[in-house]
Amino acid sequence: MVDRNEWERDRPVLTGSPRRPPPSFVEQANVTDPGIYDEFEENWPECWERAADLLSWDQSYETVLREEDAPFYQWFPDGKLNAAKNCVDRHLESGRKTHTAIRWEGKHGERQTYTYRDLYVAINEFAAALRALGVEEDDVVTIYLPMIPELPIAMLSCARIGAPHNVVFAGLSADALATRMDAADSEYLVTCDGYYRRGDAFNQKSKADNARLKLEQDVSTVVVDRLGDDLPHVLGDDECDYHELRETFAGELVDPVPRDAEDMLFVMYTSGTTGEPKGVVHTTGGYLAHATWTSHAVLDVKPEDTYWCAADIGWITGHSYIVYGPLALGTTTVMYEGTPDYPDRDRLWEIVDRNAVDIFYTAPTAIRAFMKWGSEYPAGYDLSSLRLLGTVGEPISPRPWNWYYEHIGNETCPVVDTWWQTETGAVTVSTLPGVSEMKPGAAGPSLPGMDVRVVDSSGTEVDPGDSGYLTIARPWPGMVRTLYDGDERFRAEYWDQFSDPESDDWHYFSGDAARIDEDGYITVLGRVDDVINVSGRRLSTTEVESAITGVAGVAEAAVVGRSSETNGTDVYAYVSTEGGYDDGTAVREAIIDNIETAIGPIARPTKVQFTPELPKTRSGKIMRRLLEDVANGEELGDTSALRNPEIIGEIQAELDEE
Ligand code: WT7
């Protein structure tokens, strides 16, 4: 639970000079009428039919929004549709069989192209295989794959037969996979032998095997052979080879199952304020409508585009903006397996140039790295095909924003800074690129039809120029419907803070702090709960702390975020051991090992600071805010509430010595 009074510090907020959208962009944009804001406002919630109309429905809906059971809202109830049919089949019917759906760029320069027809064949065959393995409608299928085409193929095959998918980021550990399969009662797993990390073959299957050993349920597993002879593997009795299955079911067709709009499309686990990840449930109609509409209105995707969202499908950004949104619009979506600096720092620009990419969407962390590497890398390529740039995942300050605008966009591409979350399903705050002025450093206003507000701890909207809590005052189609872990936790995590159930007044709480300006532009300041955002990836400090305290000899731990020029935020851990002060390398290594085992390398701390004690209040609460200030070299707030104020001085002295 969030301590709402903790967000008291006023941070300076910088926004750069506003820029008008480039006229060459406006001329061709999907949305250009500024009247759209009023139109949506006057016609709410029916305005969202505009999003639903981008989809093909097997049975049309009669109601747009059902609010009776708030905060358990229903969008387009009584409508029926299938997500895979929307993303694939309907494009064959509209004569786009040979149009490229997925352009895959492998780590070592390998390339694969799937036309819509190829994708159709693949998902039919794999859907048939899943059925033969026993997967029925509503069974949760876990997918633990890196960025290879079989990942979206597996997702869409699940969608075809109405089996919700549960994609677990390939870089997470065996323990993290087991937790998520257990929580989702999942008895099916699609994984691979391994993948290339940097130059090396990395064994994924052994992680999957270890996860399965921890589970009570039997798991039937499909293994994609990605590495061939580079990493030979043996299949067990309850394991099948993906390519053999495809051959067995070659040519098989499976009718897409018409799903109720409110049927679950997928669950995605994300970090919450407790150690237990939250299973965010998204449904078929509202989610797909919102992801598709924002791909059209915010990212300006057109069917003839080559569109590239350089994220990982293992997180929500990839679900909404590599797979569902772009494929529903029938465009070409680029999928990149590697990293931006392998084999060299020009890798992304080479891909943009060669594929004549029109739209490029990435995270501020990546942009800060490009900036650091220098403009000579993009300057060596022809990037003139680019029409729009996007960013997502963390706040972006004016300097990297401007660098992106100048050196990647050549000052002719609008930049959309899109704020949203796993829970919002799709973009929630952003400028409309063909309509609005851009302000570097501010994401933008609420999208039409959304009502995002910045409020104080009593829920009252703050004055322009002030900061407060970021809340959403009206339901929206892509919103999380509940948590797989239960409705109670759903209410507690998102609704209890700012809602008044007595008067049926519901406000969703995002967990973020923000500032709003006189034009309604929102600058997101960061999380106010026990979640830190490292390179656009969400981590729970509690989860990292429990991995640390699991190490023999460790007494207590506190994890905070430290600002970092490249990552935005780094993980910074304070640890006290049972024997008092310790800087033993062995303990440090055990701590890092344990974190990688429990979560994965993404949670690895950049610093483990040993201290004889942690600073605590008289009631025994660890003062994380102070530790955060120390880690960031900031001036300390009030320490009078501390039982052991001297400890702060000791920690600082220790740091000064380094
Ligand atoms: C958290 C959600 C949504 C895709 C990626 C992350 C932060 C996201 C922005 C932005 C400032 C941002 C917020 C949010 N965030 N976009 N444009 N400006 N902060 O999804 O893992 O659910 O994380 O990412 O703190 O709450 P997620």
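Each residue, glycine too, has its Cβ placed from N, Cα and C.
Caution: TrEMBL annotation is automatic and unverified by curators.
The feature region 'Disordered', as given by TrEMBL for the ranges 1-30, 421-450, sits at 1-30. Mapped onto DSSP classes, the domain 'Acetyl-coenzyme A synthetase N-terminal' (36-87) shows 19 helix, 7 strand, 26 coil.
Counted with DSSP, the domain 'AMP-binding enzyme C-terminal' (543-621) comes out as 24 helix, 28 strand, 27 coil.
The predicted model assigns the domain 'Acetyl-coenzyme A synthetase N-terminal' (36-87) a mean pLDDT of 98.
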